[in-house]
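My questions will all concern the structure given below.
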Amino acid sequence: MLGLTEAEKIKICLQKQVNSSFSLHNGFGGNLYATEEKRMFELVKPKAGASVLNQSTWIGFGDSRTDQSNSAFPRSADVSAKTADKFRSLSGGSLMLSMFGPPGKVDYLYQGCGKHKVFYEGVNWSPHAAIDCYRKNWTDIKLNFQKSIYELASQSHCMSLVNALDKTIPLQVTKGVAKNCNNSFLKNPALYTQEVKPLEQICGKENLAFFTLPTQFGTYECKLHLVASCYFIYDSKEVYNKRGCGNYFQVIYDSSGKVVGGLDNRVSPYTGNSGDTPTMQCDMLQLKPGRYSVRSSPRFLLMPERSYCFDMKEKGPVTAVQSIWGKGRESDYAVDQACLSTPGCMLIQKQKPYIGEADDHHGDQEMRELLSGLDYEARCISQSGWVNETSPFTEEYLLPPKFGRCPLAAKEESIPKIPDGLLIPTSGTDTTVTKPKSRIFGIDDLIIGLLFVAIVEAGIGGYLLGSRKESGGGVTKESAEKGFEKIGNDIQILRSSTNIAIEKLNDRISHDEQAIRDLTLEIENARSEALLGELGIIRALLVGNISIGLQESLWELASEITNRAGDLAVEVSPGCWIIDNNICDQSCQNFIFKFNETAPVPTIPPLDTKIDLQSDPFYWGSSLGLAITAAISLAALVISGIAICRTK
C-alpha cells in the first residue's frame, strides 16, 4: 500500500465514546469511566419482631396462643400452624405454673431442645389468676423465676421440668394444707406439718429432710438445676411461736454442709412489722446435681419437690415474647422486666393493647405480625428486629443483643460506589505492568464487562482476571502479589487503628450497664468505620483489576483485527488502521472489522455485581480476613457491537 494516494486511504478507528455523562473511577493500577455507578451495598432496615437463624435449631415454649390442640386453633393462635408445630405448649399452662403447681391450675411437662429458645408464655400466672398460698402478689417471684429460666436457657441446648425429685422426709411430719391455698397447697414446695403435743413436747422436733437433684431426667441430661428455695417470713418471733420456743428457720445445705439457701431467724432479724400472718418467699437457686438436706424449725417444713434441669451444653439466643391479657384482665410485666435484665435475651413487645380474634385474649393481629418472622430464617436477629438481606450496613444501630451476621450502622453517603453500566478503561499507570505498554488503549475505547465478586472468610485470596496470553497485556503475577500486599497492609493499618481505639475505650469501662452499652456502641462504630475503609480499598483494587482486564481484552481484540486484515490494513496506532478503499471494499471491511457480520450485535447489559459477606462483619477487624475473587466475562465477538469511525 506504499503507492496509495491520500484520497484512496481510509482510516478506521474504534469510535470515541466517553463524554460528560461518564464518571471517573480511580483504582489501584488502572482507572475506569462508566455510564453508571452504584453503591457496593444498600442500607437495610430491620423488620420488627422475632425470627430465627436456623429453622432446624430452635424450639418454643408457649400456652394457648401457640397450642395446636386448642379447639379454637388457628383463630386462637398468634403464630402460624408451621410455627406452632415448633412450640411445646398447652392451653392454660406456663413454666411457672408447672414449677410450683398451685391447686386447680394446668400442670404441663415443659421440655425440649434447641439452640435458640423462644418463650411465649407467662400470662396464666398473673394478677388475674389470683393465686394466694401465703402470698397475695407473686410478681417479684415470677420476675426472678423468668430471669433465671432465660439465663440458664441461653447456656443450654436442652431443658426439662423435673416433676418428681427423690426425697426423704422425717417421720413426724405429714402433708399439710392451707385455707388460703384452696384448702390444698402447692406441689412445689410441698408443705409438711408437725403436730405438737403441748404436754409431751411444747416446741416439737427440728425437721431434717433430704432431696436429690438427678444428673439425668429421662433422656435429658442435667448439669444444673433451677430450684425454688421457699420459706416463711414472720414479722416477729411471737407470731411464729407464741409458746416461747426457738426462732424460725428453713435452710438448705449441700452435701458438704454449706448453706445454699433459706432463712434463719436465729441469726437474721424478723421484719419488725405488725402483721400476724406469715408470707412465703421463694428464692431461685442454681444448684448442681447431688444430695441436699433441708433443716427447719418445728411445726413447718417446706420441701423442694420439683426443678428445671439444664444441660449447659450450648450457648444460644433467647427470645421472650410479652405475654399479657386483653381488656378486662389484669396483667403483669414480669416477662418484660426479666428479659430486659438478662444478657442475651431479646424481648418482643406490643405497641398496642391486646385485641383478640377468637376472643379478647386470643388471636391478636399485631402479635401475629411480630411473630410472623418465625416462619423464616434471618441472617441477623436483634432487639431492634431481624434482617435477611445480605448488606452489611443498616441506617440505624441495631440494639443488642444480636446474633448472626448483623449489619453495622453507616451513613449512605459513606458506602463506596463501584462502576456500573458501560465501562471504558483509562491508560494504565501500574508500574508493575511492563508489557505491552504500547498496546494499552486510551479512555475512548468501549468495552462491555460482567463482574462477579464474592467476599468469603478465608484470608485474602487471588484474583481471576480472565485469560492472559504471553504476548498480551494485563497484570502479571508480580503485579497481583504487590496489589495484594498493598491491600493487606492497608487493611492491617485500619485494623490496628481500630484495635488501638478499642484499647483506649477499654480504659473507660465502668461497672454500670450504661457505660458498657456506650462502650459497645463505640466499638461497633469503630468496626463500621474500619469495614467501610476496607471496602474502599477493595473497591479501588477491583476498579484497577477491571481496568487492566479490559485493557488486555481490547489489546487482544485489536490483535485479532490486525491478523484478519493481513496486508489489507496497516495499524498506525492502538485501535486505528489505514486501508486501501480500492483494494478492500465494503464487504472486505465487514469481514475484517465486523467479522463478516456473522455475530449478532449484543444487547448491552449492565454491570452485574454481587458481593456476599460470609463472615460476621460485627467481628471484622479481629483475626478474620477477607478473600476476594473477581472474574471478568466478555462477549465473544465484542467487535460486532463497536461503531466504526472512518476518515480519509
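For all residues, glycine too, the Cβ spot is worked out from N, Cα and C.
Take a look at what Swiss-Prot says about it:
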type	residues	note
ACT_SITE	Ser64	active site, nucleophile
ACT_SITE	Asp359	active site, charge relay system
ACT_SITE	His362	active site, charge relay system
CARBOHYD	Asn19	N-linked glycosylation site
CARBOHYD	Asn54	N-linked glycosylation site
CARBOHYD	Asn137	N-linked glycosylation site
CARBOHYD	Asn182	N-linked glycosylation site
CARBOHYD	Asn388	N-linked glycosylation site
CARBOHYD	Asn545	N-linked glycosylation site
CARBOHYD	Asn596	N-linked glycosylation site
REGION	8-33	region 'Fusion domain-1'
REGION	303-357	region 'Esterase domain-2'
REGION	358-643	region 'Fusion domain-2'
SIGNAL	1-7	signal peptide
TOPO_DOM	645-648	topological domain 'Cytoplasmic'
TRANSMEM	624-644	transmembrane segment
Where Ser64 (active site, nucleophile) and Asn388 (N-linked glycosylation site) are concerned, what is their Cα separation in Å, rounded?
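Counting only the Cα atoms, the answer is 29 Å.
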By the DSSP assignment reduced to helix, strand and coil, which category contains His362 (active site, charge relay system)?
strand
Tally every other Cβ atom lying within 10 Å of the Cβ atom of His362 (active site, charge relay system).
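Other Cβ atoms within 10 Å of His362 (active site, charge relay system): 22.
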Nearest to Asn388 (N-linked glycosylation site) by Cα, among Asn54, Asn182, Asp359, Asn545 (recorded positions)?
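So, of the listed recorded positions, the one sitting closest to Asn388 (N-linked glycosylation site) is Asn54.
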By DSSP, how many residues in the region 'Esterase domain-2' (303-357) are helix, how many strand, and how many coil?
7 helix, 13 strand, 35 coil
Among Asn54, Asn137, Asn182, these being the glycosylation sites, pick the one whose CA is nearest to that of His362 (active site, charge relay system).
Asn137
Rounded to the nearest angstrom, how far is the Cα of Asn54 (N-linked glycosylation site) from the Cα of Asn137 (N-linked glycosylation site)?
39
By the DSSP assignment reduced to helix, strand and coil, which category contains Asn182 (N-linked glycosylation site)?
coil
Using other CB atoms within 10 angstroms as the count, which residue among the recorded positions Asn54, Ser64, Asn388 scores least?
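Looking at the recorded positions Asn54, Ser64, Asn388, the Cβ with the fewest others within 10 Å is that of Asn54.
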